[in-house]
Amino acid sequence: MGCRQSSEEKEAARRSRRIDRHLRSESQRQRREIKLLLLGTSNSGKSTIVKQMKIIHSGGFNLDACKEYKPLIIYNAIDSLTRIIRALAALKIDFHNPDRAYDAVQLFALTGPAESKGEITPELLGVMRRLWADPGAQACFGRSSEYHLEDNAAYYLNDLERIAAPDYIPTVEDILRSRDMTTGIVENKFTFKELTFKMVDVGGQRSERKKWIHCFEGVTAIIFCVELSGYDLKLYEDNQTSRMAESLRLFDSICNNNWFINTSLILFLNKKDLLAEKIRRIPLSVCFPEYKGQNTYEEAAVYIQRQFEDLNRNKETKEIYSHFTCATDTSNIQFVFDAVTDVIIQNNLKYIGLC
């Protein structure tokens, strides 16, 4: 009996040591895994950041992956032009050439088959080129803040010949500029500076935000994306709420949430290139009536940054790390993410008591 008990005790001790080794290994693994949560409203550039991580840290897009984006890019180009043509009537803008009215009818007749096949036929290409070139359509495009139009519209519509070619293969820039609404939760893993990063992107639409809570566990850092150029735009969801006001409200709720007391908070003030272009035409006061500064990129960008940072109610203990970004610019994102990683590592070491 005593011998059998001794054997059982030895086995229990071996089992205990195996568990201890596993726990130590798991603890070390967790310390080397960084969970990044991408948050922000719709159209803030979160999914583009994920694509950039694939380009910078995961080998990019091979030929087959590039080809897979062709139907989406075709859809983006067609959808942009149909939105412009539909907006003509609402904005009471006429075609410069009356013949374009027939082209508009043809556009809507031909787009269904084109989108289902993922290709632009020569007939549809001619229709799209004539419509896009019409001064009336261009005037409507110039008033795109009065209806919903994606940022990539001009990029694709100015290059229809290339996109419509039968042998068209999307470039990396084409892919970065493509727009597909994120639904659900998208995870992307990569290694950088001997750390494993798990970047989690969740949809920014109001209907998607109820899913965010499922991603909060074990978050090392939050990257909150802001659409700088959205200061004059309304939400898709209700066409009334200011996109910037919605972003500020959302940031307030994340920044001051007790769940994230020990979580690094990084603010990506994104689409700086579009803000620089837009601020020359549309004053910042349309969103912030109290703004008295110059309508220059430098002053407007800093003012918007301050609006977000001032929402932090725990300035003594929580720091916000802000960066101005252009999500479609790989070199910019590479530089910023390198700096962000250093901050995350430092804060993580501090949190676990090693710094």
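Glycine residues also receive a Cβ, built from the backbone N, Cα and C atoms like all the rest.
Taking Swiss-Prot as the reference, the stretch among 145-150, 187-192, 307-312, 325-330 described by the feature region 'G5 motif' is residues 325-330.
Note on Swiss-Prot: of 122-129, 266-273, 274-281, the range annotated with the feature region 'G4 motif' is 266-273. Considering only the binding-site residues SER44, SER47, ASN270, the Cβ with the fewest other Cβ atoms within 10 Å is that of SER47. Secondary structure at SER44 (GTP binding site), taken from DSSP and collapsed to helix, strand or coil, is coil.
THR182 (Mg(2+) binding site) is 17 Å away from ASN270 (GTP binding site) when you measure Cα to Cα. In this structure, the CA atom of THR182 (Mg(2+) binding site) is 7 Å away from the CA atom of VAL202 (GTP binding site).
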